[in-house]
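This report concerns only the one structure given below.
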Amino acid sequence: MFSRLAGIGSFLPGPAVSNDDLARRGIETSDEWVTSRTGIKFRHLAENGETASDLAVEASRRALAAAGLDAGDLDLIIVATSTPDVIFPSTACLLQSKLGNHGATAFDIQAVCSGFVYALTVADKFIQSGSHRRALVVGAEVFSKILDWSDRATCVLFGDGAGAVVLEAAEKPGILATALHADGSYHGILSVPGSVCGGKVTGDPFLRMDGQSVFKFAVRALAEVADECCRLAGVPQSGIDWLIPHQANIRILEATARKMKLPMDKVVVTVDRHGNTSAASVPLALDEAVRDGRIVAGQKVLLEGVGGGFTWGAVLFEL
Ligand code: UT7
């Protein structure tokens, strides 16, 4: 038994917010600084009160429509998010309720910016085992709610959004290979260290990052896991039609493509218009490139994630 991608959808909240808009809102930054260091020009920000499941439900409806399925057809719902609506129940259960599905297995995955790649891998394993046949896999984030808007080194980097994929059982792959890794000894270089205890937030509730350490880790991890995933699938890196790495920074994407000897025109780039949307970035980019006709049936696509934990991973599939 294999799994294949049957439908993809995505959703971005509100209007695009430019670097100049952020500067006008009082953040001590410039379009020149943000563009030259990160490639980011715009991001979308959720309204107050707009949650990860609100974004997820829109992306999911689009993915279900693309697959020609109803929510009732799903027997597995996995949401990758680090910005859940509430501590519990899971965002997957809240999404399930909004979609009107009753009875499917539903849970969240917390692997920060690798979350979608983790969730897709887990769904693939469920389907391969024969226990489930139709999975909805979502990356949904409202990172704007965990940003310290007085910390210009982090707040300019992130945006909100959601992307979703319907994965279904198939006679032939579909997903060709997956690889997931983590090394918790790097937990300190990217984290939200606070927690809730005794009715209070204890510790720092905002995202904190050692940007340069993250940059170096990300470039190495993305190159290594791309190599590993291609070897597992028996596909040479030159045989990849499209590379979709986590959209953190254009310089990380360029360095990864360089290490893989892939030209940038084989890399899907959305970081310029979405910023870093954590677990949502890969399915958002995938949806854009499928809808605009760049990625077509029969092509091989390598998805890659890297993020807090540290976690990293890749999924190679044929559309
Ligand atoms: O999913 C993973 C998420 N994380 C990432 O992808 C982050 C990876 N890291 C990076 O992309 C880069 O490290 C950053 C873009 C975050 C920072 O670039 P950098 O070249 O490492 O800059 P820096 O932190 O060394 O800061 C250089 C200067 C500092 O000023 P001084 O001390 O040299 O005077 C900062 O205060 O840039 C200043 N700076 C800013 N200036 C204008 C920091 N943020 C800003 C800003 N606007 N937004």
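Please read every residue number as a count from 1 along the shown chain.
Glycine is no exception: its Cβ is also placed from the backbone N, Cα and C atoms.
Over in TrEMBL, the protein carries these features:
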| type | residues | note |
| --- | --- | --- |
| ACT_SITE | Cys113 | active site |
| ACT_SITE | His246 | active site |
| ACT_SITE | Asn276 | active site |
| DOMAIN | 107-184 | domain 'Beta-ketoacyl-[acyl-carrier-protein] synthase III N-terminal' |
| DOMAIN | 232-318 | domain 'Beta-ketoacyl-[acyl-carrier-protein] synthase III C-terminal' |
| REGION | 247-251 | region 'ACP-binding' |
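Overlay of TrEMBL feature records on the structure.
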residue : record      : CB count, 10 Å
Cys113  : active site : 32
His246  : active site : 32
Asn276  : active site : 24
Inter-residue Cα distance where the pair is Asn276 (active site) and Cys113 (active site), in Å:
9
Helix, strand, coil residue numbers for the domain 'Beta-ketoacyl-[acyl-carrier-protein] synthase III N-terminal' (107-184) per DSSP?
27 helix, 32 strand, 19 coil
Using DSSP, how many residues in the region 'ACP-binding' (247-251) fall into helix, strand and coil?
2 helix, 0 strand, 3 coil
Return only the integer: C-alpha distance in Å from His246 (active site) to Asn276 (active site).
8
How do the residues of the domain 'Beta-ketoacyl-[acyl-carrier-protein] synthase III C-terminal' (232-318) split into helix, strand and coil according to DSSP?
36 helix, 22 strand, 29 coil
